[in-house]
């Protein structure tokens, strides 16, 4: 699939990754946020497009919920979450009058905003655009894929937890990707065990290995397991940069490894 010649505001974006999950509560927005931070610390310019219209949590995760979106000649200027302007973010959370307002919209209005997000945000030059989607396979997902299709997305990253219910939902997500022609770049198993901070033993609080087995059976890459980590939860609650502040934490090696694999996939083949 060729990239559109008239790319508009996405013409300077090198790689677009959609982060999907079959169900809510698996930590999809967490993975989106932490991968963006890890890519940023690898020297890349990263944008995050939050199209989870009914649950926009990323502004809080990046301590950006009090910031405003401004207009320029080419559309909306995204919110920059660091002084170096190496991470930019667009979310409906910035457009609500009050942060606790509910988005009670029917499909056509949601789809129209998603199309506007895809065309009217002045991202500038980015190495990666991470698109955080709602759970499931709904109108919003179809609208997102259709809006980004002309720009040849790198693919979809699927997030699951070890339980059979979550893995079953991701199977349906794989079917969605196949039907819409969206390449799957990998599966991540989140909340995969708890590492004791004292003895470093990993206890599988849920089940084990569901995401890896699904990746094997589906013939898609398995990018790794991210364990439950109180420091990761703390950083998200406080809007801190987990990758920078907690390099010795249990989840850090897994997140760094996932980011490295994405960088390898994005590198030109020799």
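Cβ coordinates come from backbone N, Cα and C, glycine included.
Since the structure is predicted, the reported quantities are computational estimates derived from the model, not experimental observations.
Residues or ranges marked as ATP binding site in Swiss-Prot (evidence: sequence analysis): 22, 23, 24, 25, 26, 27, 28, 29. Its own atom aside, the Cβ of residue 26 (ATP binding site) has 24 Cβ atoms within 10 angstroms in the protein chains shown.
Annotation comment: Swiss-Prot describes 196, 199 as [4Fe-4S] cluster binding site, evidence class sequence analysis. Residue 196 ([4Fe-4S] cluster binding site) falls within neither a helix nor a strand when secondary structure is assigned with DSSP, and so counts as coil.
In the structure shown, across all protein chains, 28 is the one of the binding-site residues 23, 28 with the greatest number of other Cβ atoms within 10 Å. Around residue 196 ([4Fe-4S] cluster binding site), the same-chain residues at least 6 positions away in sequence with a Cβ under 8 Å from its Cβ are 202, 203. When the binding-site residues 22, 24, 25, 27 are compared by the number of other C-beta atoms lying within 10 angstroms of their own C-beta, 25 comes out lowest. For the binding-site residues listed here (29, 199), the lowest count of other CB atoms within 10 A around the CB belongs to 199. Using the Cβ center of 22, 23, 24, 25, 26, 27, 28, 29 for ATP, the list of other same-chain residues with Cβ within 8 Å runs, in sequence order, 21, 135, 159, 161, 166.
Residue 24 (ATP binding site) sits 32 Å from residue 199 ([4Fe-4S] cluster binding site), taking the Cα positions as reference.
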